[in-house]
Ligand SMILES: O=C(CO)COP(=O)(O)O
């Protein structure tokens, strides 16, 4: 059965005060929710320990990025093993901001997925096309290639640790969302790619990200191949984050 996931990527936002106020509110909100949603909080790495301590069993925790290496002289980097050791369950890999602002390459994404899975983290692999690529009619090709490359070294028994998040770059932080139909179409394509690679595609959760808000989450989550969301700005408000969690239908 595919997991239904709502993950909040705080990016470089938040503070200890936000951790202290938000995590408890999300925790009590989830206690009265029975739609089977798994909530994940992905704060800046410095706050992971604080979130883990307050999250209880109901909230999973993730990091926004991991290194390509296990340990060593890589100043400023954090390994997948360290994230796991600190209580993380997930790592984002290949977020478009990492790719665009920090020059993260497809090859590095492939390695980071391997490192995450080997350390026992679930990898939320982020893919998505730019506006130019969409307008040139290349969105499907770009996203399909990103997916193929990212999972190139995933082993047979590791697929249950893989989650794919489709985040069109033009929809991130812009207030523009893909229509539910366009998002569904791309999710169908991604599932098809995973199937063609021999993965148990029907079991893999596919998230949509890019300006997801309480008022558009219902239509997005109603789509058959959209199993949840990767939320940026709206995840910094406990109220909005919980509204988005509540937008998940009780589908299996
Ligand atoms: O990049 C995102 C989540 O990883 C989406 O961010 P916004 O929800 O702020 O558009």
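FYI, residue positions are counted from 1 along the chain as it appears here.
Using N, Cα and C of the backbone, Cβ positions are placed for all residues, glycine too.
Bear in mind that the values here come from a model prediction, so they are computed numbers and not experimental data.
Look at TrEMBL and you will find 9, 10, 11, 173, 211, 232, 233 tagged as substrate binding site. In this structure, residue 173 (substrate binding site) belongs to neither helix nor strand by DSSP; it is coil.
Summarising the annotation, TrEMBL assigns active site, electrophile to 95. Residue density at residue 95 (active site, electrophile): 28 other Cβ atoms are found within 10 A of its Cβ, drawing on all protein chains shown.
Within 10 Å of the C-beta of residue 167 (active site, proton acceptor) we count 27 further C-beta atoms, all protein chains included. The annotation active site, proton acceptor is assigned in TrEMBL to 167.
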Other than 9, 10, 11, 173, 211, 232, 233, which residues of the same chain sit close to substrate? List them in sequence order, counting a residue when its Cβ is within 8 Å of the Cβ centroid of the site.
-> 13, 172, 231, 234, 235, 236
Those binding-site residues in 9, 10, 11, 173 whose CB falls under 6 A of ligand 1, listed in sequence order = 9, 173
Which of 173, 232, 233 (the binding-site residues) has the most other Cβ atoms within 10 Å?
-> 232
Sequence-ordered list of residues in the chain of residue 9 (substrate binding site) that lie 6 or more positions away and have a Cβ within less than 8 Å of its Cβ, or none, is 42, 64, 92, 95, 209, 230, 231, 232, 235
Cβ packing number for residue 11 (substrate binding site), 10 Å threshold = 18
